[in-house]
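Notes for the one structure printed next.
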């Protein structure tokens, strides 16, 4: 416990110090006092103009990334008592910060804590811009004879807008690093942080648009349009900046919600232009400014390369349940050592449908109940999922090549700390709650503290009720629902009465894994944080070593002997090449070592015999006179009340809940999430702790 506290204090101090550097950067104190002294000591022949920024901006984030891995590893070794009094009291003290404060479109749901941090970040941008302009306007430099003061100010504003956009880019990659060691320390996951990436991207695009358009106006009114075509050898390359702006625009336009929903493939492929954008952006700003945004890119590259290595392997698909509501449950083999927390997701690729597209889906299984099986739910709502559904339901397949990335999710089962849970879902939004219920079933069997559960689920049609079947495994075993305090209130909104002849059976198909298939196993994240720490630290040390050698023994002699500055573009290319190369080398080495260590365990999993198929319960909700086949099916029916032709009265449901701490989790359409958030923020009850689970970003 002391080690965890000590590491947390160090992390907070380094983080605060890093933020303070950003705050001081635009001030006269930094420019006139700190910077000259730091450059004199740090900008050596080994690092030149990169030295200061490597120490102040790059090193702290890389250090936090490695330290976060160590902290998360030690926290996993410590038994977690989420139901302790101290944990409960701490949760109550912080509950007001997690309570929804702003609920509106298009912003969405903002908690008090998110609003505070958003205002602080906005204050940092305003502070930086005002200081840059104050210093600049106080010492205006005329770049040409006859230049007017207002023209010089326009140039200064345009330039400083680019500086502020650089701050946004320093934070842009953190939310999209899926197996991040930093986000969990703030209680975040990549899925819950995607909205921050969207906000930062849009703010940076506005700032860079001001930067670009402002310079074009300045060049136009001062008859310097030829500057737009300049590719300088010693300074900023304007052409590279224009190319980066065009690429950014091509990425930004398809990212708007309306465009993204209608043409997701265009959005998906255009967003991969980020590699070219980073290249031309780096050439435009130079190596010194690249050091400011490099740490986020570095941690993202580590994560991205490891995900690439994992995705090259095919996962063994054991079986598929095909539900009459056009939903699927895929069952994969995994190594028993793979811990998966409820509400986790995996990314799936089926080359037969699309070799490039990856889609996220919810993990249904509990790693405690199904140690060597990973279950995934898929609802057909788009062209890709429809093709997969048709492929599995119509053809006589005995094998299907599938690649899997992940799982990714929360670092703890935080919902266990509550005395009661209210789970509100709409349509396929029920899938993350199935994993929670299955974990609660296991914890209940271990005689651990288990909260009472009220599941309020809404479906459009009665056939969608078969989604509740996913709470049971294919064989129906190991699912003692009867011992769990579970109440299910199911609402069918588009049908006013129960159909009389709608009984449809669930199909189960079994597959034969190929010998080349590899069970899903640990690559990043839980239970393997030390491997990630070794990759981060070794990659960064190798990067510094190679950068120092190249600079001292190749670049410096050229500049020293010829008296000329080494080409601006080539310096950036060296920087980016070394950054990418060390990540690939170190990540690949650790991945191959990990793969060798897990070879024996993978062979054991692949030798496990496929279970004998048993009849699925089908649409168990129909026909009350039907003889129920097993105790789990019977318990599920007894726990469920079905309401036809009405929508749930959520306000009355919440007011009826009793308990000191009630966790309210919602997953479904945006209107439903907003309604639940408004109820929890309205002061109806102080014991409601809201959390939104959304994969529709």
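Heads up, the Cβ atoms here are built off N, Cα and C, so glycines get one too.
Over in TrEMBL, the protein carries these features:
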- 310-414: domain 'FAD-binding FR-type' (DOMAIN)
- 6-25: transmembrane segment (TRANSMEM)
- 54-74: transmembrane segment (TRANSMEM)
- 101-127: transmembrane segment (TRANSMEM)
- 163-187: transmembrane segment (TRANSMEM)
- 199-222: transmembrane segment (TRANSMEM)
- 234-254: transmembrane segment (TRANSMEM)
- 274-302: transmembrane segment (TRANSMEM)
- 529-554: transmembrane segment (TRANSMEM)
- 574-594: transmembrane segment (TRANSMEM)
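Taking Cβ pairs closer than 8 Å, the transmembrane segment (234-254) reaches residues 201-202, 205, 208-209, 212, 215, 227-228, 260, 263, 266-267, 270-271, 273-274, 276-277, 280-281, 283-286, 565, 567-569 in its own chain, all 6 or more past its ends. Counting residues per DSSP class in helix, strand and coil order gives 15 helix, 39 strand, 51 coil for the domain 'FAD-binding FR-type' (310-414). Note on the domain 'FAD-binding FR-type' (310-414): mean pLDDT across this stretch is 82. Between the transmembrane segment (54-74) and the stretches 101-127, 163-187, 274-302, the greatest number of Cβ pairs separated by less than 8 Å involves 274-302.
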